[in-house]
Amino acid sequence: MGDSNLSPFTNHQFPSPTPPTPSSSSSSSAQLNVPSTMPRPSLNLETLAPIPSFSSSSSEHVKRLINSKHYVSPSKTICFDRFIPSRSGSNFELFHIPSTPSPSSAAAGSNVSTPGGNDGGKEESPSAYAALLRDALFGTNTPDKREIPGRNIFRYRTETRQPMQSFSPYGFDDEGPGVSQSPVKAPRKVPRSPYKVLDAPALQDDFYLNLVDWSSQNVLAVGLGNCVYLWNACSSKVTKLCDLGIDDSVCSVGWAQRGTNNLAVVNIFQVCGLKWSYDNRQLASGGNDNRLFVWNQHSTQPVLKYCEHTAAVKAIAWSPHLHGLLASGGGTADRCIRFWNTTTNSHLSCMDTGSQVCNLVWSKNVNELVSTHGYSQNQIIVWRYPTMSKLATLTGHTYRVLYLAISPDGQTIVTGAGDETLRFWNVFPSPKSQNTDSEIGASSFGRTTIR
């Protein structure tokens with residue numbers, strides 16, 4: 001052999017070796033070809049593969065070593081400056097992915113021999129590698145991008161709404177056994193504007209007063225200064241009921257729940273909230289001492305005492321749907337609506353409204369309630385109980401909404417404020433059409449004077 005340079009990255013063609021004579025093999029050794037710039041090692045060919053005699057099998061072994069596409073030095077490990085992975089040595093069977101050769105390699109019929117001399121290993125298909133990578137990153141159920149032609153992630157498109165039947169566990173077309181499909185109920189709309197406004201001169205802006213109440217005969221009682229006036233909601237007729245004199249003023253008015261047109265005029269200042277239960281067996285009172293008391297007909301002392309509020313308790317309301325359920329609201333320093341079970345003497349929940357709670361009233365037709373507020377938003381809120389989610393927030397008063405009453409049919413509320421106005425709102429549905437929009441009174445919008 002000559003001294004021509006041999007590179008590990010280049011294939012070289014060598015002439016077939018001529019078997020030496022026995023005399024020459026004993027005296028001379030076949031040394032390795034190395035580049036001229038490198039020192040010639042003392043290692044010879046006999047140390048790599050001792051050949052006692054040049055038989056046909058030995059000759060084929062030498063040819064296979066010389067004509068191999070990859071030259072591997074058995075004396076030292078060749079280290080490179082970067083790692084280039086080869087998929088030929090990857091075991092795709094561990095991931096249950098079939099290893100199919102690429103079309104180019106299959107057409108050319110090119111094979112890649114393994115270092116061990118096995119010609120059976122072939123270059124893996126790029127599609128198989130892409131499938132492995134896709135499954136590892138996104139899961140096995142991810143569709144191939146070729147299955148969705150022309151897909152663009154950031155493309156604007158029209159939203160496709162699915163019918164509600166598509167969410168049925170029984171499929172798109174078939175109904176479940178014993179289940180009848182019904183149209184989806186749209187959320188109830190609450191009008192955001194009052195349908196009637198009444199001027200109420202001398203309506204005081206005082207948190208501790210209760211000057212508005214609505215009777216079962218559809219008559220509204222309003223305390224203005226030292227006088228009490230009645231407004232008939234059917235005929236809009238105004239009647240002056242009484243005059244307390246120049247040295248006195250009305251603090252609270254309230255109709256009896258049973259009977260006809262029995263009115264109580266209260267002159268107690270320390271008690272700012274007072275409400276009978278619907279069965280007339282319990283009386284709840286709230287005072288400016290931040291306490292809530294519950295009384296019965298057979299005791300001169302309160303049977304229940306609640307001291308959780310941190311401000312005066314003016315807002316009190318009994319639920320018409322659940323016996324013993326009581327709601328109360330605190331003033332500016334408290335701002336919370338609390339719910340009590342007077343049957344078990346337990347505190348149920350608390351809702352921070354963010355502003356002074358002036359009044360509370362339950363709907364007679366649905367399990368909802370209304371709260372009116374003062375500092376600092378002067379709003380009216382319709383709540384759904386027991387989730388206490390807001391159905392509507394009504395605004396219009398420029399002062400604290402200190403007064404609240406509900407109509408006999410349970411659909412309309414009237415609110416009063418220090419801006420000397422009474423506003424009528426349709427907030428609750430009728431008992432027979434709880435899921436339809438109530439437009440009662442919308443055509444009679446107007447502004448008149450109560451006296």
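Including glycine, each Cβ sits where the backbone N, Cα and C put it.
Over in TrEMBL, the protein carries these features:
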type     : residues : note
COMPBIAS : 1-14     : compositional bias 'Polar residues'
COMPBIAS : 98-110   : compositional bias 'Low complexity'
DOMAIN   : 270-425  : domain 'CDC20/Fizzy WD40'
REGION   : 1-44     : region 'Disordered'
REGION   : 95-125   : region 'Disordered'
REGION   : 166-190  : region 'Disordered'
REGION   : 432-451  : region 'Disordered'
REPEAT   : 271-305  : repeat 'WD'
REPEAT   : 394-427  : repeat 'WD'
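Counted with DSSP, the repeat 'WD' (271-305) comes out as 0 helix, 19 strand, 16 coil. In this model, the repeat 'WD' (271-305) carries an average pLDDT of 91. Taken residue by residue, the repeat 'WD' (394-427) breaks down under DSSP into 0 helix, 19 strand, 15 coil.
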